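The NAD(+) binding site annotation in Swiss-Prot covers 99, 100, 101, 102, 103, 123, 124, 136, 145, and the record cites sequence analysis as its basis. If you look up Swiss-Prot, you'll see 178, 242, 259 marked as Zn(2+) binding site, on the strength of sequence analysis.
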């Protein structure tokens, strides 16, 4: 499958054919490898050895495996290491890791020498199905997440589902938030498949894992191709649940609450917000909530990071979200499972507060 300027490959083992795949995109064999500490430990030696066997010249950069690595100071340090290693425009950058590495590496590639090619090698479910696809790369600012960045399409997105077998269950459930999102916003049949084969997917059983990853990547790429720079509102539908999620993440200080966990909570809020004005039927609301009830969170997380929050403070935190215009929040809502739309009219603060209340009540009664 292809997006405007990238190619997505789902294959195991994908790294052993990276030289051949680079050639299809006209990429040279001088590559900066960006890892986080975890991916360097788990996969670094195998990736480097495989690439060197295929004739690559590589240098490696390693950052801490945390959201705070997406910062100006970290980027500045990496620029310096690349300059000292004589990296010029003939090089490319491969991001091996999750969303933090992909965002940070994409940001650096977009800005270094006014732009060098970037390749994404995602190693988490969330990155494989969402953040590595579509070319939106950014770092954080103390006043908000992903506020400073670029559109910089990866030349290649190399997806190997086998990498997921090293992940703890918390990371799998976090990634499933984005997988489920695609069923909600674009594909009722995919939603039904996830409902039927949920246990197999979260246990990483084939062929269901690869089906879920491939379908998610296809939906994301298809939306990006139709609305690369978010001019029609279609690409914004990928942010279902994210307006609430970004507010939650900001209130957590971008620590101790994973992005996927925030998105899952946010989708519950968004389902209630879709239902309250009458857009989403009761039956679809119940089906959606039934699937989201199968998520698992660390003990006490929902209470600490959502149920105990002040609702008004959460709404104010949401106002820093990128999906607002002139302090008017825009929400991605559903009118049925499998179809989303962008809505920025007639949604009052009272509506939002009530949706948060409904979600809090649901989480409490569901025993999270």
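Note that Cβ sites are derived from N, Cα and C of the backbone, with glycine treated the same way.
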Pairwise Cα distance for residue 242 (Zn(2+) binding site)/residue 124 (NAD(+) binding site) [Å, integer]: 19
What does DSSP call residue 145 (NAD(+) binding site) in the simple three-state scheme? strand
Do me a favour and check the Cα-Cα span between residue 259 (Zn(2+) binding site) and residue 99 (NAD(+) binding site); whole Å is fine. 9
Long-range same-chain neighbours of residue 124 (NAD(+) binding site), Cβ under 8 Å, sequence gap at least 6? 97, 98, 99, 163, 164, 167, 171, 174, 175
Write out, in the order they occur in the sequence, the residues of the chain not among 178, 242, 259 that have a C-beta within 8 Å of the mean position of the C-beta atoms of the recorded Zn(2+) site. 126, 130, 131, 177, 181, 239, 241, 245, 260, 262, 263, 266
Span of the NAD(+) site, taken as the largest CA to CA distance across 99, 100, 101, 102, 103, 123, 124, 136, 145 (Å, rounded to a whole number): 22
Residue 178 (Zn(2+) binding site) versus residue 145 (NAD(+) binding site) - Cα distance in angstrom: 18
List the Cα distance (Å, whole number) between residue 178 (Zn(2+) binding site) and residue 103 (NAD(+) binding site). 16
If I restrict to non-local contacts, at least six residues apart, and a C-beta distance under 8 angstroms, what lies near residue 101 (NAD(+) binding site) in its own chain? 34, 35, 36, 39, 63, 95
Counting all other Cβ atoms within 10 Å across every protein chain shown, which of the binding-site residues 145, 242 scores highest? 242
Check each residue in the chain of residue 103 (NAD(+) binding site) that is at least six apart in sequence and keep those whose C-beta is under 8 Å from its C-beta; list them in sequence order. 70, 131, 137, 138, 139, 146, 149
